[in-house]
Amino acid sequence: MSLKGDRLKDEGSRLQVTAAGATAGLVARFVIAPLDVVKIRLQLQTHSLSDPLSHRDLHGGPIYKGTLPTLRHILRSEGITGLWKGNVPAELLYVCYSAIQFTTYRTTTLLLHQTLGEGTLPPSAESFVAGAIGGGTATAATYPLDPAAHALRRPGQRSRVCESVARRGPDWVVRRAPVGFFGVWDRAWAQIIPYMSFFFATYETLRPHLSELELPFSSSSAVARTMASVMAKSRTFPLDLVRKRIQVQSPTRGRYVHKNIPEYYGGTVGALRTILQREGLRGLYRGLTVSLLKAAPASAVTMWTYERALKFYSGVGEKGEEQRL
């Protein structure tokens, strides 16, 4: 298997793809956890950074200004472990999500070939459809883990809504299930399906072309991953912000780091309208910088690990077949 010009949909068996996807999710989650914590803190901040008067009604919660100041504040107030807050359920989420996503992506591609014939759809359209179905299926299967991990990542040191999976997990399940698990499922789909569609379509399109260039350190795949991630995240970021805001809509939202999180009515459209009215257009892109800083390495690490894990598992499979012969 080549890691240069071949397309992901043409590589590996189903079991190898599943194992490689799980490995990629495990590694990627640990690497980008600190940036994810910072991103969520910024996304849940509803006051204007440019208007000091908007800070008058804040009580107790810190005011985060930018990626590095937020990072320093978390380190100072919560220690280095605060940057990996909620990482246990998040690791489980990423492992399951990545395994299901890559397996579904591969399976969908094969079904499209069998149903429509190979080469009927343009490669970018094929990747767009497979990416949408892969992302949607993985989101549906793993969504209960998302609000659990999100709840554990957002509290501060002195006002913890969930202190640990062992201590607060059972109580959280009783209070939130089943509506709390799936209450914003549609918002998750609305964000992840277009994101994964754009990402895989862009990545699969750029990857073969960039592999023909003589880039230093054989970085063509890394460049393709980074470009695809930045483009996809920029297009869908407001939907991700709305999903995070709606996930904290519970009676305990006043106990989080930010005390002034408003209630949103009318679903995704209503939340978008409320944010535009209260915070302006800039409010829809709060935390975009750190999100892009997170998305680029997250996608790069995920795809890099996936490709090499797939190569490893494929090699193991080939050796096993040779030994049986």
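Cβ from N, Cα, C; glycine included.
Taken straight from Swiss-Prot:
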- 12-111: repeat 'Solcar 1' (REPEAT)
- 17-35: transmembrane segment (TRANSMEM)
- 92-108: transmembrane segment (TRANSMEM)
- 122-209: repeat 'Solcar 2' (REPEAT)
- 127-143: transmembrane segment (TRANSMEM)
- 184-200: transmembrane segment (TRANSMEM)
- 216-312: repeat 'Solcar 3' (REPEAT)
- 223-239: transmembrane segment (TRANSMEM)
- 287-304: transmembrane segment (TRANSMEM)
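Within the same chain, residues 7, 9, 93, 96-98, 100-102, 104-105, 108-109, 112, 121, 181-182, 185, 188-189, 192-201, 203-205 sit at least 6 positions outside the transmembrane segment (127-143) and bring their C-beta atoms closer than 8 Å to a C-beta of that stretch.
Relative to the transmembrane segment (17-35), the listed stretch 92-108 leads the set 92-108, 184-200, 223-239, 287-304 in CB pairs under 8 A. Between the transmembrane segment (223-239) and the listed ranges 92-108, 184-200, 287-304, the one holding the most Cβ pairs under 8 Å is 287-304. Per-residue confidence over the repeat 'Solcar 3' (216-312) averages out at a pLDDT of 80. Secondary structure by DSSP for the repeat 'Solcar 3' (216-312): 77 helix, 0 strand, 20 coil. Through the fold, the transmembrane segment (184-200) approaches residues 8, 101, 105, 127-132, 134-136, 138-140, 143, 146-147, 228-229, 231-233, 235-236, 239-240, 242-243, 246-247, 267-268, 299 of its own chain, all at least 6 residues removed from its boundaries and within a Cβ separation under 8 Å.
Look at the repeat 'Solcar 1' (12-111): DSSP puts its residues at 76 helix, 0 strand, 24 coil.
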